[in-house]
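Asker: Next up is a structure, given as structure tokens.
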Amino acid sequence: TILEGPDGGWGWVLVAALFVCNTLVFGLMRVFGIFFVEFVHYFGESAQAISWISSIGVATQQFFSTVGAALGNAYGARVVVMAGGFLTGLGLILASQATAVFHLYLTMGVITGLGWGLVFAPMMATVMAHFTRRRTMALGLSLSSIGLSAFAYNPLFQLLIESYTWRGALLIAGALAFNIIPCGALIGPQKHSVVSSYMALSVLLERPYITLVLATSFMNAGFFVPYIHLVALGRGARFSDYQAAFLVSSAGIADIVGRLFSGWFTDLGYFRMIHVLTTWAMLLGLSIALLPVSTLTGSYLVVTVASVLYGFCSGALTALPFSILPQIVGVGRVMGALGLLQMLESGAGLLGTPLSGYLRDITGEFFISFLVAGSFLLVAGLILTTQPHFFSRTDPPLPPKHPLDL
């Protein structure tokens with residue numbers, strides 16, 4: 001059976017803390033599109049070479065989420081999240097002093113990515129453990145900050161880069177990231193019985209979990225492409241710097257609405273969560289493919305509408321792969337299963353954006369890049385339909401506890 005969370009109380013404080021953490025993790029991750037153009041010009045490197053910076057950061061975050069989960073289970077989430085906040089800020093501050101792209105791989109990529117990995121899984125699992133009936137809404141609220149920060153950060157960092165250059169903007173980003181530390185301090189001491197295993201290795205033997213991992217890996221390959229390359233796509237369509245930045249901002253606002261709508265609708269329980277997840281994955285794939293098509297009109301309004309559609313679908317999807325985990329593995333294995341999920345999908349996150357940059361380098365534009373990214377989401381939706389009991393109206397029972405759980 002799934003353990004019941006209190007559905008409130010201090011859990012709402014942790015939702016607020018996760019809200020801020022996501023602003024300072026994924027919000028800063030999504031502002032990379034602004035820095036992408038600056039790095040290409042400053043270092044004179046190809047789009048593929050610069051794309052590796054964000055991909056290394058995302059892949060490191062996902063790969064080391066398993067370490068964050070294991071450490072959180074062993075020593076408590078509070079100290080792990082606080083350490084992650086320190087590394088996140090440190091990596092961005094060191095990146096501001098980079099003199100070569102390789103330095104950015106190490107700082108924005110490895111160090112900041114490691115910090116993100118220590119923050120994400122323990123913080124998410126802590127919030128999930130505090131909610132049952134309102135779990136999707138709680139995650140939707142906490143993850144809505146990603147859309148809000150995407151709206152606010154893109155024009156803000158465009159202004160900061162123009163005022164202080166990209167180095168000054170990264171210094172400010174690093175200072176902001178240190179605010180993750182007090183958010184981690186809000187996590188109370190946890191009893192080991194609430195999260196019963198360090199790594200939950202038994203999930204690797206269960207078909208429902210492996211199917212979810214495979215599907216989310218394909219999602220991962222295409223999901224981040226628009227946030228890294230949408231600004232460049234807008235500039236390629238001959239829009240101004242601020243107009244191109246506002247495309248990500250408009251997607252960010254729609255992202256918030258999508259998260260809240262998805263959380264509310266999913267928690268109504270009219271449809272199984274696996275069906276809702278599959279639907280939004282396919283709709284997101286179509287919306288990503290629509291972005292380059294919309295630039296053919298030459299109309300900024302049309303491209304903005306396509307960006308809003310993309311943002312809404314992106315926000316609606318984001319919380320669902322995490323919300324469904326307790327149904328698949330049980331609350332007791334969520335932190336370990338979440339860490340393993342992030343680690344196993346990290347390869348796709350590492351390759352997705354550089355592939356997009358490579359396709360841009362050989363074609364001279366981002367049209368094919370976005371079509372390929374969208375196709376990854378469509379494939380993910382098809383994979384989800386192979387889940388056991390997918391066409392049943394009720395969720396299958398949870399698997400029994402396995403001795404491989406460590």
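Residue 1 is the first one shown; counting continues down the chain.
Positions of Cβ are set from backbone N, Cα and C atoms, glycine also.
As annotated by TrEMBL, transmembrane segment applies to 12-37, 79-98, 104-125, 137-156, 168-188, 209-230, 242-261, 273-293, 299-322, 334-354, 366-384. Feature annotation from TrEMBL assigns domain 'Major facilitator superfamily (MFS) profile' to 13-392.
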Asker: Do we see three or more Cβ pairs under 8 Å linking the transmembrane segment (209-230) and the transmembrane segment (168-188), pairs being at least 6 apart in sequence?
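Answerer: Stretch pair does not touch.
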Asker: With a Cβ cut-off under 8 Å, give me the same-chain residues at least six positions beyond the ends of the transmembrane segment (12-37) that come close to it.
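Answerer: Residues 47, 50-51, 53-54, 57-58, 61, 81, 85, 88, 92, 116, 119-120, 123-124, 126-127, 130, 138, 141-146, 148-150, 153-154, 157-158, 161, 166, 169-170, 173, 176-177, 179-180, 183-184, 186-187, 224, 227-232, 235, 245, 248, 252.
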Asker: Looking only at the domain 'Major facilitator superfamily (MFS) profile' (13-392), what is the model's average confidence as pLDDT?
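Answerer: The predicted confidence over the domain 'Major facilitator superfamily (MFS) profile' (13-392), as a mean pLDDT, is 87.
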Asker: What residues in the same chain, six or more past the boundaries of the transmembrane segment (137-156), come closer than 8 Å to it by Cβ-Cβ distance?
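Answerer: Sequence-remote neighbours of the transmembrane segment (137-156) are 11-12, 15-16, 18-20, 22-23, 26-28, 30-31, 33-34, 124, 127-128, 130-131, 227, 231, 242, 245-246, 248-260, 262-264, 267, 311, 315, 318-319, 322-323.
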Asker: Mark yes when the transmembrane segment (79-98) and the transmembrane segment (299-322) have three or more Cβ pairs under 8 Å (sequence separation 6 or more) and no when they do not.
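Answerer: Answer no: the transmembrane segment (299-322) and the transmembrane segment (79-98) share fewer than 3 Cβ pairs below 8 Å.
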